[in-house]
Amino acid sequence: MFTRNMTIADYDPVLWQAIQDENRRQEEHIELIASENYASPRVMEAQGSQFTNKYAEGYPGKRYYGGCEYADIVEQLAIDRAKELFGADYVNVQPHSGSQANAAVYGALINAGDTILGMDLAHGGHLTHGAKVSFSGKIYNSVLYGITADGLIDYEDVRQKALECKPKLIVAGFSAYSQVVDWAKMREIADEVGAYLFVDMAHVAGLIAAGLYLNPLPHAHVVTTTTHKTLGGPRGGLILSSCGDEEIYKKLQSSVFPANQGGPLVHIIAAKAVCFKEALEPQYKEYQANVIKNAKAMVEVFKQRGYDVVSNGTENHLFLVSFIKQGLTGKAADAALGKANITVNKNAVPNDPQKPFVTSGIRVGTPSVTRRGFNENDVRELAGWMCDVLDALGKENEEQVIAETKEKVLAICKRLPVYPK
């Protein structure tokens, strides 16, 4: 029998300690991983609701289980809010993740062995855009495009590759690209070779929802996203379209369920509904505007301190810092900053001489720090601290600089908590 006063702390102290330690880590570390964000207490409340218990195979109004009347309300709320948020005609809120959303799109539009054209992982793409280690590069014949030495997409190169390989589907989207993608140009290329245009907007969905980054819906046949990252909701996936083709919509529905998934995670769908409602609020646009302002402010500090920023700047929430000139590695920078309670991730940069697990750069993102209240002055100061640590790498004062920086980080984290008590 269950009682309301059952706790993890009493039942499983080892697990509870790990949860408490993670809570403390998030509060005492500055999070700059571009794909991470903080979900609101409302989102987490929905994830912990009794919908955790409910099986709901099928779609609203057409379920394979009884007792789904409230699950139907939740899922329809999420669908309707996502349609309003992004201007979509079709929405599927059931994908468990961005990768599963992408798998469902491939399954709906093309067949095994067909050719896809996507951005190279080493140039800022994603595993599911055709990387050979991913299902997308194993099931399908993947051809990859990249970026120029300046860190920009070369659309003529994309076009030439499309003309050569005649893909059935072109993937546009990224995991580490700091500029604005020309969705219209990508659609033009897709139309020229008779391919579908599939956009993965996972990294910039929040900016798009706020009207601060070009919306791909008017140009793409199908769009996917995660619901965390810039969007700031639960970890999950989403498929959208405004192509007007009912046959494509039907194929997408059946490709999610029953082809790729069984029962949806109704508690996560409830959390998605909360997230979409939050994103429709006026203050959400202000938040996303500050995300971009903070990224631009940090870029200027890195450049002033002598570090190269890929593409020379950013037009979204992230940027890449290259250490090729300094002879440093992303791995060493990642580790040193981590000791100072600043979390980033090592990342490959254009013409990177290092191996993928070493790299010559880091990726920096501002959604999390902005959500906890950092303003432009705060992030300029933060970028300066990061440069102090990077400047000291391999020198006698390295540990001293790291220790001094950590104290500054702890102080600002105390002033700007993630979840104020």
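Each position is counted from 1, following the chain as shown.
Cβ atoms here come from the backbone N, Cα and C positions, even for glycine.
Noted in Swiss-Prot for the protein shown:
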type	residues	note
BINDING	L121, G125, H126, L127	(6S)-5,6,7,8-tetrahydrofolate binding site
SITE	H228	site 'Plays an important role in substrate specificity'
MOD_RES	K229	N6-(pyridoxal phosphate)lysine
Report summary line: Between the C-alpha atoms of H126 ((6S)-5,6,7,8-tetrahydrofolate binding site) and the residue listed as 'N6-(pyridoxal phosphate)lysine', the distance in angstrom, to the nearest integer, is 14
Query - Local Cβ density at L127 ((6S)-5,6,7,8-tetrahydrofolate binding site) - other Cβ atoms counted within 10 Å - result: 16
**Report entry** Cβ neighbours of L121 ((6S)-5,6,7,8-tetrahydrofolate binding site) where a neighbour is any other Cβ within 10 Å
**Finding:** 24
Report task. Under 8 Å Cβ to Cβ from H228 (site 'Plays an important role in substrate specificity'), same chain, six or more residues apart: give me those in sequence order, or none if nothing qualifies. Result -> S35, E36, N37, A39, P234, R235, G236
Report task. Compute the mean position of the Cβ atoms of L121, G125, H126, L127, which form the recorded (6S)-5,6,7,8-tetrahydrofolate site, and then list in sequence order the other residues of that chain whose Cβ is within 8 Å of it. Result -> G118, M119, D120, T128, H129, G130, A131, S134, S175
Query raised in the report: Rounded to the nearest angstrom, how far is the Cα of L121 ((6S)-5,6,7,8-tetrahydrofolate binding site) from the Cα of K229 (N6-(pyridoxal phosphate)lysine)?
Result: 18
Query raised in the report: Far apart in sequence but close in space: which same-chain residues, 6 or more away, have a Cβ under 8 Å from G125 ((6S)-5,6,7,8-tetrahydrofolate binding site)?
Result: G118, M119, A131, L144, V171, G173, F174, S175
Query raised in the report: Including all protein chains shown, what's the count of other C-beta atoms within 10 A of the C-beta of K229 (N6-(pyridoxal phosphate)lysine)?
Result: 26
Report summary line: Here the 10 Å Cβ neighbour count for H126 ((6S)-5,6,7,8-tetrahydrofolate binding site) comes out at 23
